[in-house]
There are 2 protein chains.
Amino acid sequence: MVLSAFFYNPQGDHRLSWRHPAAPGREIFDLDYYRRLAEVAEEAKIDTIFIADHLGIWDTFESGVAHYANARLEPLSLVGALSAVTKKIGFIVTASTSYNEPYNIARTFASLDHLSKGRVAWNVVTSALEEEARNYGLSANINHATRYQRADEFLDVVTRLWDSWEDGALLINKESGYFADPSKIHYLNHSGTHFKVRGPLNVARSPQGHPLIVQAGSSEAGRELATDHADIHFAVFRNEDEGRRYRTDIDERLVKKGRGPESFLLLPGILPVVASSRQEAEERQAALEELMIDRVSLDLLSSWSAMDLSAYPIDGPMPELPDEAKFDGWRTWLNIVKSETSNAVTIRQLARKIANTGSVPMVSGTVTDVADQMEAWFTSGVADGFNLMFPLLPDDWVNFARSVVPELQRRGLFRTEYEEGTFRDRLQLPRPANHINRH
Amino acid sequence: MVLSAFFYNPQGDHRLSWRHPAAPGREIFDLDYYRRLAEVAEEAKIDTIFIADHLGIWDTFESGVAHYANARLEPLSLVGALSAVTKKIGFIVTASTSYNEPYNIARTFASLDHLSKGRVAWNVVTSALEEEARNYGLSANINHATRYQRADEFLDVVTRLWDSWEDGALLINKESGYFADPSKIHYLNHSGTHFKVRGPLNVARSPQGHPLIVQAGSSEAGRELATDHADIHFAVFRNEDEGRRYRTDIDERLVKKGRGPESFLLLPGILPVVASSRQEAEERQAALEELMIDRVSLDLLSSWSAMDLSAYPIDGPMPELPDEAKFDGWRTWLNIVKSETSNAVTIRQLARKIANTGSVPMVSGTVTDVADQMEAWFTSGVADGFNLMFPLLPDDWVNFARSVVPELQRRGLFRTEYEEGTFRDRLQLPRPANHINRH
């Protein structure tokens, strides 16, 4: 079982968890806070930390600026620092294909892979928010299809830049004066729709060959991108049945592309709420939900449906939602909104439900309850592991690592020591062949 | 006296130092190598490490790929890691204004400033090499004037992004539900020649207010950029007379711009060669020069003069060099080539001279000799300190830190303990006011 400990808000996945008495304050800007999280996860032999990211603050609606935890550290810098104070744990780091240059991303991930001795993965995102677009020269976000086409070409360029130094290219032969073997250093001379990149990279091939590729969007284009390029897919489904359909769909795509399903790890997200009893778990969650502010929940719902709901009566019914196929926003969220509309009579109810529930199913109860449900999903084959989205940090993270992980270890479902080698080695994913000349 | 320990090649500043028996091999990709350099510098209370960078490999001529140490780590990732394993030393990190987005650079430096508790500086470069341009969608490098205009706008946007969160903007008031004070978070709504950026940044204002700005080009446009924006200027001059003229020129520019000269630190580069006797120092340098390969030196000269010299007889005279005012390459190097042409009869001689000498004057001799010359430049006022470009790493770095630094301390010219506070505080540079509304 693969375990990935996730955060976007360093205060936890519940959107207003920053208000909780046990949530961190200004220490979210100190390395020590993250170092402690990493150390706890590493003691538990958790596979990886997963850091999400956005390229702007969430402020389409006024409440975002005042009430949302909009300030955070840039994740690549943070992982640079964390790689120096950890030994074994992996790092999945988010970077956008829409607002970066492939040469810069290829260099940074190759360097982090060297510095961490083979422990980094790139979570590829296309950046769906208009708030992000407007920080990068645009007045609206790039349409969904173009974003994904650009991502596809971006990934092709980055992986070939990683291949531009073959494994044996670096000689450092002081006698002969040959630092490198020119026959093993390759030019891309790439000229595509979005990019023109000559290469080669100025970083020698890194310990994992390629840092792992992670993809985390469940739209049609997201699943295509994932099965084309990714090693790990962060999926969103709400129950085992949905999971089975999801897995079948993914496996069919993989087979069509000539990939064995064993080369691809499917990690659904779950929101673990662990307590000494089911009742206490429910109380913990209720205490978090009380922190929600009505204005924020309404604004969140407006943002995800790309509709200004403040124009509608808050205790009236929800207006019709946009058509997914024509939707340029974040389709995963739109679908979650759609799936919850039947459970809420008014806009206020739907907003609260959505704002508190988050994107992934809650797995709540005692240590045994949580381990049982994880075991069920794992043994039934819908999950190769889990992306753990803790409602409140650091407490839920520390608690999970020290209670649920030992239970999973007792059941023989999870490692008790880190295996040797890189992050890729531990996941038994093959070191990629050099594809520089595939074009 | 401010001391900055510089490297571009992690094997030292001499261009083929990687061939020296004492130079590092594959450990240039390991954090431990850099950690040791940082620890030695920090023990000596050196102000800062300065990491230069290029966005490509030097391969205009074939010899570059085979014989030049073209593979290295990306410096921002490296400094992320080093900030986690050091406490006091500063980091000057190079990033290009031509091949990055201002929002990304503002975020990364603000994050590194938080992670290091106020120890980072940004060395602003405009990337003059065609090898770099061709990795970023272009077929030739951007002309000199446009590069500097873009840099000027880039710096304006980045500093205003740093100002977009005022010092008091972050509230994290759990009771009231106010994470931030919206009246202290600002939009840039910048729409200029090169960039359109809305803001605000998603990182709260960092410990130094602004990470320090460093500029390192001595062309007319470089000096203008430096006196407009920089806190620290890395200058190239060859003797005290040149230095005096340089300082006068810079001071006049500062005064014209309403800046006090005390807000600006001028650090000339020197190449310190320290040994137990003058003769041994000369032998050390001669041993490095023996590592040079004729083909590499000729190709370097061709590159800096933007002329293919392989078409000329190597033992014949040097053809006429391009006019600086129309030169889109690296004007600093062109001037160094020009200044050496009178000392060399043939192309081969000039190439060897240039390739071995480097860009800055050598300060060679015993500990006393080197300290004497540094003291002279410092007390005469031409230098506020030095950018130390060691011929061979790690030996020259370690040797300098353990021999010349104690001598400078004995003379009362250099600190014996780090002062409290940030890098900016130690240099007695004022924390910048918030200029978000200056436009």
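Even glycines carry a Cβ here, placed using N, Cα and C.
What TrEMBL says about a protein is an automatic prediction, not a curated fact.
Note that the coordinates shown come from a computational prediction; the quantities given were computed from them, not determined experimentally.
Quick look at what TrEMBL annotates:
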type: BINDING; residues: A:Asp53, A:Thr94, A:His144, A:Tyr148, A:Ser218, A:Ser219; note: FMN binding site
type: DOMAIN; residues: A:16-382; note: domain 'Luciferase-like'
Span of the FMN site, taken as the largest CA to CA distance across A:Asp53, A:Thr94, A:His144, A:Tyr148, A:Ser218, A:Ser219 (Å, rounded to a whole number): 19
Cβ neighbours of A:Asp53 (FMN binding site) where a neighbour is any other Cβ within 10 Å: 21
For the domain 'Luciferase-like' (A:16-382), the mean pLDDT of the predicted model: 93
Listed in sequence order, residues with CB under 8 A of A:Tyr148 (FMN binding site) and six or more positions away: A:Thr126, A:Ala221, A:Gly222, A:Glu224, A:Leu225
